[in-house]
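A.B. asks: Here it is: the structure, laid out below.
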Amino acid sequence: MTGESEAASGAEPPVVVKVGGAKAVDPAGAVGDVANLAANGRAVVVVHGGSTVVDETLERLGIEPEYVESASGVTGRFTDAETMEAFAMAMAGKLNTELTAQFRSAGVDAVGLSGVDGGLLAGPRKSAVRVVEDGKKKIRRGDHSGTIESVNADLLAGLLDDGYTPVVSPPMAGDEGDGEVTPVNADADRAAAAVAGALGADLVLLTDVSGVYADPDDPETRIDSAATPGELAAVEDAAEGFMGKKVMAATEALEGGSGRVVIADANVRDPVVAALGGEGTTIERSALADDDAGGETGDADETEGIDA
């Protein structure tokens, strides 16, 4: 199931739904919505974050979460070996299993997968990252993060064709460069973007606000759509903090082959259907500059933390 084959058949493209990992994001609405979409024949892939659960797991283990700022101003989790162990426990072991069970309870034939399974999300491990500390650029070593460079779209397409709904979470399969694969952290928004691009799917990024605001403190200033490079630039300029990473992910999805991306509120009724109907900030593929479509995505210098 690819974007080209869907377009040729006139069928609706798949939908990738990213459910945020922050405590303020309630997945219940998305669960019911995905159940309705799947029951009506729409192919759906769910990707989830888990920042709150990871931090709670670290706290129980007596480990202080550490966030660092990259040279380009993006904040992400620094994942040392101890944190990576807790991350895998929380994401693949606890949260993915629980969320998959919620979908199955709602009648969805859900299959839980981590990015390591089947090489679903793969790329080089980054053991050293460039960070800014006290205004100075430094190299931090011992990180367990990675940049997603490939998606096993055939695995997802096979599951979708057989009527399953994949529920995907980091960690990803990190290539150590010597043939060894290590589970490493990857940002869930960017993971969802990679999946959407590989499938030619629409991407819905659900979060705890209704979209990108021109004034970050005023929901009435939500930017409803971006269909030109100039409008996308305005969205990028307005996005601050965690929203900046979501807009980055949206751009990566479009560059990879997604037709449109919607950043929308997870806590409204029927959040996925509402987002696909225009409730949120919709970024169209036409918003990319011509030389960006199909271009390289990601930044090797960025930290790869979990979404907020």
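Every residue gets a Cβ built from N, Cα and C, even glycine.
Predicted automatically and left uncurated, TrEMBL annotations should be read as such.
So TrEMBL has the following annotated:
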DOMAIN    15-265  domain 'Aspartate/glutamate/uridylate kinase'
SITE      Lys18  site 'Transition state stabilizer'
BINDING   Arg77, Asn185  substrate binding site
SITE      Lys246  site 'Transition state stabilizer'
REGION    279-308  region 'Disordered'
COMPBIAS  289-308  compositional bias 'Acidic residues'
A.B. asks: Highest Cβ count within 10 Å among the recorded positions Lys18, Arg77, Lys246: which residue is it?
C.D. replies: Lys18
A.B. asks: Tell me, roughly as an integer, the mean pLDDT over the domain 'Aspartate/glutamate/uridylate kinase' (15-265).
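C.D. replies: So the average pLDDT across the domain 'Aspartate/glutamate/uridylate kinase' (15-265) works out to 94.
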A.B. asks: How long is the line from the C-alpha of Asn185 (substrate binding site) to the C-alpha of Lys18 (site 'Transition state stabilizer'), rounded to the nearest angstrom?
C.D. replies: 16
A.B. asks: Near the Cβ of Asn185 (substrate binding site), how many other Cβ atoms are there if near means within 10 Å?
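C.D. replies: So the number of other Cβ atoms within 10 Å of Asn185 (substrate binding site) is 30.
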